Amino acid sequence: SGAGKPPMYGDYEAQRHWQEVTYNLPIRQWYFNTSDNNLLYWGLDYPPLTAYHSFLCAYIAKLINPDWIALHTSRGYESQPHKLFMRTTVFVADLLVYIPAVILYCFSLKETSTKKKASICALCILLYPGLILIDHGHFQYPLSLGFALWAVICLSYDWDLLGSVAFCLALNYKQMELYHSLPFFCYLLGKCFKKGLKGKGLVLLTKIAGTVVVSFAVCWLPFCTDMEQIMQLSLITLFSFQDKVANIWCSLSVLIKIKNIVSPQTQLKLSFAVTFLSLLPTCIKLTVQPSLRGFKFALVSCALSFFLFSFQVHEKSILLVSVPVCLIINEIPFMATWFLLVSTFSMLPLMLKDGLLLAYAVTMLAFLSACTASFSIFEKTSAEDLQLKPFSLSLKGYVCWFKSFPKIVRSLFLLSVTLMGVLSLMSAAVHPPQRLPDLFPVSVSVISCLHFLLFWVYFNVVILWDSKNSRSQKKSS
C-alpha cells in the first residue's frame, strides 16, 4: 500500500529511504533533522543495527544502480528491478538469520525425536501467514525476531552469555523486542538465584551484566562520541509511539470513549499500571522457578500483556507474540494453531489495505491444513493435551463440565474459524453502512481482542498452575 501515492509512498519507500539516508549522510546526521534528512519523511526510528543493515543494503544497491539511493532525487523511486532487489534483501535476511534459527530450534527439541517430526514442525512455523504477509510485504526484516530466536536456542543449551549477546542484537535491531525483555531478565536472574548469589550465581550475574554492557557499547559505538547523539537516538527509538489499534483500550473505546473521560497522561499511567500488574505473576513465577519450558510460555504471556494493555501499539506488534507461540506449537498444537490463525486475522484491515486478500486466504488455508495434517490438532483437545491438567485437578468437585471439555473446545474453535471466515469475506466484498464506515475494521479489532484476552488467561493459567516449572531442567549438551 502507498505505492505511487505521494508524499509518503508507503513502507516500501521507508526502507528504501533509510538506505538513501545511511549511505549519503554521515552517521552523526542519521537520527537528526537536517536539510538533507527530514525526520517527518520516514525518519529512522529504529536502533543502530537497523541503520547499519540499511547501509549494507544501500552499498549493494549503489553497485547495481546508483539511482536507487540518490540523495533527494530517489524519493518515491519505484521500478521492477528495484522491487526485486528489495524482495531479495528480505529473503537473504531470512536465509541467513531467521530460517536457520527455526530449523535448528525444531531439530534440537526433545519432543521432535525424529528428523521427520522436526521437519514438519519447522515447516509449520515457516508457513505462519502473519510473518510472510506482513514482515515480508512491508519489508519489516525479521532479523530482530531471528536474533531473539537464536537467543532462546542459546539459553536452551545453557549458553547464557551467547544468548545475552543474541538478545542484545535483537533489541538493537528493533526496540519492540522489549516485549520479550522481562522473560529473558527474569529467567537469567532466576538461574543466578538458583546457583546462589554468594557463589556461582554472583559470577554468572556479573558475566551476564558485563556481556550486556559490552554488546550495547559495541552497537552504539559510532554514536558514543557525542552525548547529544546518544540522547537523540534514545529519544527517537524508545519513544516513537505507534497507532492505537487492536488492543484492550481500542476495543473499550467502542463502548466507552476513554479519551473523553481521562487525560492522555492518566491513560498512560493507567495502561502502565495494568500492563505491569498483568506481567507480575508470570515474572515472579519464572524468577522463583526458572525453567526453559516456563521461559517459553512466559515469552508468550508477557508479549501478549504488552500488546493488550500498552498505551499505544501497532497491529503488526502481534507478531512479537506469534513467534514465541510458534516455539510451543509442538507442545500445544491445537491452541498454538488457533492463536496463530487469530493473530493473522487481527491484521486483516492491513492486508486489505495492501491488496493481499488472495495471499491472506491462501496462506491461512495452507497453514491450517499443514498444522491439521502434521499435529492432528483436533485429537489433542483434552485438558492434559492443553497443559490444563493441574488446573483441572485444582477445580475438581467445583466444575462439572471438564468431562466434556474437549468437545467444548473443538466447538469454540470451529465457531471462531467460521466467524473469522465470514467477517473476512464481508470485509472484502460488502460495503459498510454510510453511518458506520469503520464497521468491519472495528469488528475485526474487537473480536480479535476478545480472543487475545481468552488466550492471555489461558497462557497465564498454564504457567501459574504448571508443576513442571518447579522441577529442575536437565542441561542440554
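Each residue, glycine too, has its Cβ placed from N, Cα and C.
Automatic prediction, not curation, is the source of TrEMBL annotations.
What TrEMBL says about this one:
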- 84-107: transmembrane segment (TRANSMEM)
- 119-141: transmembrane segment (TRANSMEM)
- 147-171: transmembrane segment (TRANSMEM)
- 201-223: transmembrane segment (TRANSMEM)
- 294-311: transmembrane segment (TRANSMEM)
- 318-345: transmembrane segment (TRANSMEM)
- 357-378: transmembrane segment (TRANSMEM)
- 412-430: transmembrane segment (TRANSMEM)
- 442-465: transmembrane segment (TRANSMEM)
Take the transmembrane segment (357-378) and find every residue of the same chain, 6 or more past its ends, with a Cβ under 8 Å from one of its Cβ atoms. 120-121, 123-124, 127-129, 132-133, 329-330, 333-334, 337, 340-341, 344-345, 348, 351, 410, 417, 424, 428
Other than its close neighbours in sequence, what residues sit by the transmembrane segment (318-345), given a CB gap under 8 Å and a spacing of at least six beyond its ends? 102, 105-106, 109, 111-112, 117, 121, 124-125, 128-131, 133-135, 145, 148-149, 152, 176-177, 179-180, 246, 293, 296-297, 299-300, 303-304, 306-307, 360, 363-364, 367-368, 371-372, 374-378, 380-381, 385-387, 409, 413, 416-417, 420, 423-424, 444, 448, 451-452, 455, 458, 462
Name the range, of those listed as 84-107, 119-141, 294-311, 442-465, that has the largest tally of Cβ pairs under 8 Å with the transmembrane segment (147-171). 84-107
State the residues, same chain only, that lie 6 or more residues beyond the ends of the transmembrane segment (294-311) and have a CB under 8 A from a CB inside it; answer 'none' if no residue qualifies. 152, 155, 178-180, 182-183, 186-187, 241, 244, 247-249, 267-268, 271-272, 274-275, 278-279, 282-283, 285-286, 317-318, 320-321, 324-325, 327-328, 449, 452-453, 455-456, 459-460, 462-463, 466, 468-469
Quick check for me: are there 3+ Cβ pairs below 8 Å between the transmembrane segment (119-141) and the transmembrane segment (84-107), leaving out pairs under 6 residues apart? yes
Surrounding residues of the transmembrane segment (84-107) on its own chain - C-beta under 8 Å, 6+ positions past either end: 12, 15-16, 53, 57, 60-61, 64, 68, 115, 118-119, 121-122, 125-126, 135-136, 139, 141-143, 145-147, 149-150, 152-153, 326-327, 330
